[in-house]
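**Q** Dumping the structure here so I can ask a few things about it.
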Ligand code: C5P
């Protein structure tokens, strides 16, 4: 049996779909709560025909979420927050219908929408008639969901409510509790479990007037990849991202900002952190006193743009003090003499490591998918071969994990 101590403090979002096995979900709620987990429940319309919202509410001691269109639910707890504020989503019972809707990426009720909007692990406990389970459509849907990382517990073999025999019975509540504990245990063994990382990524936009801004060519690819790689190793990641075209990376909480000052404020709000990786291409200067009205060509010639310096986020986070993350990593994008400039930058900004890369025109680093970097630490320089930005990120995350393993 899995160690259930790991369930204490964990937040489970339980989706109860319509099946005779729904009554067992009431017991599941009780058993999870006994072990210190909090359970919030979403009940589908069909689910509410098998268990009453009142019993679910009484057992979870929380509102039962049922209606995608309920204004109250949306204003108090939008469906995005519902899925983000959970550590794990559990669908029990998972009916053939809901599995099909999940596989197709549908969002036609609150349950399906929450499952589509989530970036958290999902565990399903299928429950249905044996023929429905064995049908090629259900098997294909389940295989597709599993290939996307959805976990499954059961179904078990046995006599079904409809008197047929075979696989289709929902796993017992304690088997589901074990499966849930096993998923959390996997995460607890990851090398960066329990560590918080703040990652900056992308460019910043510094307004000139309400329609124009100063920006740069950063795509955010490297920073986003680093955020995803740290999350994959178990870190809780806050990604503070300037405007990019990239989707939010899985498993990270993302704060979208535009200006350097907003980026700094978001980073400081995210502290305390064990790790900070500043991969953003922060604008060095902003317009001093941007116009609150669109600047016009009024015949008087181009406007003079007075610039003022932006705060240096990396240097600010690196400042010694209680709030300083144990490991601060900066980037240095240089167009020549990369190692010399980057080494000087490490000392100037008081960060621990610098990842230096050559962004000369022709290297294709900006916006490209490959990167050639050198990792500069107090004890020397490691030059890595050219590789995809995802691979640079994975390797950097491994080195970060190695750093904490050695502490
Ligand atoms: O000084 P420079 O911009 O070359 O330094 C690059 C490093 O500093 C990067 O890690 C970048 O994210 C960070 N930086 C910052 N805030 C700034 C300027 C740069 O965090 N205002």
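Any Cβ shown, glycine's included, is placed from N, Cα and C.
When I checked TrEMBL for this same protein, it listed these features:
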type: ACT_SITE; residues: 162; note: active site, proton donor
type: BINDING; residues: 284, 294, 311, 312, 313, 314, 331, 345, 349; note: CTP binding site
type: DOMAIN; residues: 10-181; note: domain 'Flavoprotein'
type: DOMAIN; residues: 192-401; note: domain 'DNA/pantothenate metabolism flavoprotein C-terminal'
type: REGION; residues: 1-196; note: region 'Phosphopantothenoylcysteine decarboxylase'
type: REGION; residues: 197-407; note: region 'Phosphopantothenate--cysteine ligase'
**Q** Just name the winner among 162, 313 (the recorded positions) by count of other CB atoms within 10 A of its CB.
**A** 313
**Q** Given a separation of at least six residues and a C-beta threshold under 8 Å, show me what packs close to residue 284 (CTP binding site) in the same chain.
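**A** Non-local contacts for residue 284 (CTP binding site): 309, 310.
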**Q** Determine, from DSSP, whether residue 313 (CTP binding site) sits in helix, strand or coil.
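**A** Its secondary structure by DSSP: helix.
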**Q** Which of the three DSSP states, helix, strand or coil, fits residue 331 (CTP binding site)?
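**A** It is in a strand.
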**Q** Sort out the sequence-distant neighbours of residue 311 (CTP binding site) for me: same chain, 6+ apart, CB within less than 8 Å of its CB, listed by position.
**A** 260, 261, 264
**Q** What is the average pLDDT across the region 'Phosphopantothenate--cysteine ligase' (197-407)?
**A** 93
**Q** Round to a whole number and give the Cα-to-Cα distance in Å for the pair residue 349 (CTP binding site) and residue 162 (active site, proton donor).
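**A** Cα-Cα distance, residue 349 (CTP binding site) to residue 162 (active site, proton donor): 70 Å.
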